[in-house]
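First comes the structure, then the notes that go with it.
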Amino acid sequence: MAYAWAQAYEPKSPLMKWVDQRLPLPRLVYGTVGGGYPVPRNLSHMYNWGALSGFALIVQIITGIVLAFHYVPSSEGAFDSVERIMRDVNQGWLLRYLHMNGASFFFMVVYLHTFRGLYYGSYKAPREIVWMLGLVILLLMMATGFMGYVLPWGQMSFWGAKVITGLFSAIPLIGPTLQEWLLGGFAPDQAALNRFFGLHYLLPFIIFGVLILHVWALHIPGSSNPTGVEVKGPEDTLPFHPYYTAKDGFALGVFLLVFFAVVSFLPNYFGHVDNYIPANPLSTPSHIVPEWYFWPFYAILRAFTVDFILPAKLWGVLGMFAAIILLFFLPWLDSSPVRSGAYRPLFKMFFWILIADIALLGFVGGLPAEEPYVMLSQLATAYYFAHFLIILPLIPKFEKPLPLPSSISEAVLKGTTSKAAPAGIAAPGTPGVVHA
Amino acid sequence: MFVRIGAFFVGLAFVGVTLFSLITGVIAYVTTPAEENVAETFHLHPRTFDVSSNGPFGTFDRRQLQRGFQVYKEVCAGCHSLNYVAFRDLAALGYDEAEVKAIASQWQIEVPDINPDTGEPSTRKPTPADRFPSPYANEVAARSANNNALPPDLSLIVEAREDGSDYIYSLLTGYRNPATFRNEKGQTLPADLRPGNGLHFNPYFHNLNIAMPPPITADGQVTYADGTKSTVDQMAKDVSAFLIWTAEPKLENRHRTGWAAMIFLSIATLLGYLAYRNVWRDQKAKPVAYTGTMKPENREKRDEASREAGLNT
């Protein structure tokens, strides 16, 4: 691995030695998530979201594969097959609720993982590719999530598919043709459902592939940390195993508790009642909304209401896609040499405004397109773009960062060193030592 | 640098267009008088009712489900299908095999079949393996029999409506006389909101006028097999409880699994936490305070005393 003090793998058992010489898989595991990967010693619980995201992906893949054994991708049979899973398949209700809520939890942990990266400047050199691969995963997740929501072929599935594929019709000249080509018809039907099912099954494995690249790219410079100060030597790091496997293990327990509480006691909380009505192309729901994880983007889409050179609809589509695409440029938009938001007073203030702004976008995105919600979405959309494209590049010109610690270990030990005990750290249970 | 300059102009464009949209929106909002939605003021939010399946410990009350099934059978089944429920599923309500068989074979509607001799379409008596047969052959037949309204399938109705069973209960008991109904402000129903031909006023229904005639009209409409007094309110509650079951027959399994998972995961998480603290015990930086012989001044005193005593320290 990247650091000079990273441990090389030395197989202990003859079997592992035999395997390692022929296929160095044990070596790979050891160096990636084992004792051979040195990690900054000061990672907070905000650094658990990445591992939890990987776990959520695996939950989705496993439950999804089993659901696919029972699901029928046909506009006549899809809704019925989902109900068959709920009623007649052994533990089918559990599989479906896990998968359907798993999508929400996957997005939740991925968004928190992304916010952590935004706050601690994890996107900055030398981790730009880690950040960009993460965004590729997010885009693939959005496509997968959208297509997965279509599969039960309920009212919201059908009308959501119609609205979202309708976005492509806003593209000048080729738009309507492109939409028909994507759907395989004039409206979502058998052809669309079949290809959505095929892609919904395929994309998670592509996500898994990009995830491998994401982790690989991360292991070149190593993990970032809350101080943003790079690792200087072995005293700054701890081996991933057992320190961070134990920490992630505890976080996983908490995650599963919340996940199972929702699955068992509020399984339809994140869903929409209309999706328990079979799709009906002749009856439009009074209020078409996507899943909650698209609400901020849906709000941006609907915020553009005037034709200004381009039609309003096209502005909305451009705005919605730009809202994600601009994040790819973040490493170059933010030119501050200080990585962590903890040492950037001005950045920190705008960061929290941004979080509130995205929460507001999410709130109005789930509501009907009525006043005053549309005005709120316009205000919030304006700030979203202003934040990333105008404010963020200007912050370094006006900001005086706080003094950085000279190293991670200094930051960890700050205020704990006593003259009498230069080590500053005493093991619990040492006689005469009281831990305050 | 070029990225930042480019971004600035792209940012200006998006911010400009949204703010332009905002200004036109504000102007329109300020200049157009607020339209009061009159229908909204007559709409009532569903009343809640207690049912044993509510809450994380909820289980079905089998006797209530049987009563609810009886209401469905005698009142609702004439118009409403129950497509996702099979007669065999009734075993979960506490009926034994013979009873399920009897319910299936005595059902008022037969299931479509093909005459084995002639190949002509025919019907036969349902068996426990059959789903509840639809009262109408198809949507057109259903609409033509119901003044062009389509009675929805009831299997998932609790999941498919906001407020679920509360809504069903409120709707069933919510028919009011449009001539005397007053909203919170004491206004009577304006003429354009009065029910049209073949419609019935019900303030719990989203547009106030529903095609379904009041289904449960009088106490004693159903004679309960278990002797429970069949008031209108009781029948509405029972059939709502039954429809919770039809929407999610595995509800009890879900609650049970949930508690097993909660207990297992709480222990696992606690162990995970202890393991985490144990692994990190040497690495967590903690402010330390020394007491007793380890206290710096006591140590100095001890060293001094040792020196005075001529001991080698």
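Even glycines carry a Cβ here, placed using N, Cα and C.
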Correct range for transmembrane segment (source TrEMBL, candidates A:93-114, A:159-180):
A:93-114
By CA-CA distance, flag whichever of A:His99, A:His113, A:His200 among the binding-site residues is nearest to A:His219 (ubiquinone binding site).
A:His113
Spell out yes or no: are there three or more C-beta pairs under 8 angstroms between the transmembrane segment (A:250-270) and the transmembrane segment (A:345-367), with each pair 6 or more apart in sequence?
no
Considering pairs 6 or more residues apart, do the transmembrane segment (A:373-395) and the transmembrane segment (A:93-114) have at least three CB pairs under 8 Å?
no
When you measure from the Cβ of A:His219 (ubiquinone binding site), how many other Cβ atoms are you left with inside 10 Å?
17
Who are the chain neighbours of the transmembrane segment (A:93-114) in space, where the CB to CB distance is under 8 Å and they lie at least 6 residues beyond its ends?
46, 49-50, 52-53, 56-57, 59-60, 63-64, 66-67, 82, 85-87, 134, 137-138, 141, 145, 148, 255, 258-259, 262-263, 267, 270-271, 291-293
Looking only at residues six or more beyond either end of the transmembrane segment (A:314-333), which have a C-beta under 8 A from one in the stretch?
118, 123-125, 128, 131-132, 135, 138-139, 167-168, 170-172, 296-298, 300-304, 308, 381, 384-385, 388-389, 392-393
Count the other Cβ atoms sitting within 10 Å of the Cβ of A:His113 (heme b b566 binding site), across every protein chain shown.
23
Suppose we draw a 10 Å sphere around the Cβ of A:His214 (heme b b566 binding site). How many other Cβ atoms does it contain, all chains included?
22
Expressed to the nearest Å, what is the distance separating A:His200 (heme b b562 binding site) and A:His214 (heme b b566 binding site) at their Cα atoms?
21
